[in-house]
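Before any comments, here is the structure.
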């Protein structure tokens, strides 16, 4: 490959990156800040009533679940008490036992039966909105009397129809949806921190 071809390839890649950055910015701008503030207040009300936050998802969304919980049980933007939050994605023994003995489709709903109480706040994360185990988890959470939030992308999928609240990211690209989910999670944590 000649020098001119290398420069053309570098220019092409930089244009791809520029488009990617703009798509990410557009996705983050699709987040309704008033809705984020309401969700943060609702979670604070759950905490103040003795409830907890429970979060789950698959793959990158599982990582987002754990990140959300870490910001609350640990530290986000200021010193405050640890807040009661748990991710259903961290207990490998439970995940594999439930998947083996029952089905991966019920890996979250089964754990919710054990840990969720009426009034808890349950968040299911799925970039497609159609992960069967996330749908079933949110359905079970509602049956148990929990408040429910779907974090998704695209058109929202099934979880947006199941949950009481939904954050739907305006993108078709999984990685951009995931990045916007983390931005939304950080915004929610910022609202929560403002109450403590």
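Glycine is no exception: its Cβ is also placed from the backbone N, Cα and C atoms.
A 10 Å cutoff on Cβ-Cβ distances gives residue 100 (substrate binding site) a total of 9 other Cβ atoms nearby, all chains included. DSSP gives residue 100 (substrate binding site) a helix state. For 58, 59, 60, 71, 100, 101, 126, 127, 128, 131, 178, the entry in Swiss-Prot reads substrate binding site, with the evidence type sequence analysis.
Secondary structure at residue 67 (Zn(2+) binding site), as computed by DSSP, is helix. Residue 67 (Zn(2+) binding site) has a Cβ environment of 16 other Cβ atoms inside 10 Å. Taken from Swiss-Prot, the feature Zn(2+) binding site applies to 67, 71, 178, 186, supported by sequence analysis.
Taken from Swiss-Prot, the feature domain 'SIS' covers 43-196.
Across the structure, residue 60 (substrate binding site) and residue 67 (Zn(2+) binding site) place their CA atoms 10 angstrom apart.
Distance noted between the C-alpha atoms of residue 186 (Zn(2+) binding site) and residue 178 (substrate binding site) is 12 Å. Each residue contributes its Cα atom, and for residue 71 (Zn(2+) binding site) and residue 128 (substrate binding site) these two points are 24 Å apart. For residue 126 (substrate binding site) paired with residue 67 (Zn(2+) binding site), the C-alpha to C-alpha distance reads 15 Å. The Cβ of residue 58 (substrate binding site) lies under 8 Å from the Cβ of 126, 131, 133, 134, each on the same chain and at least six residues away in sequence.
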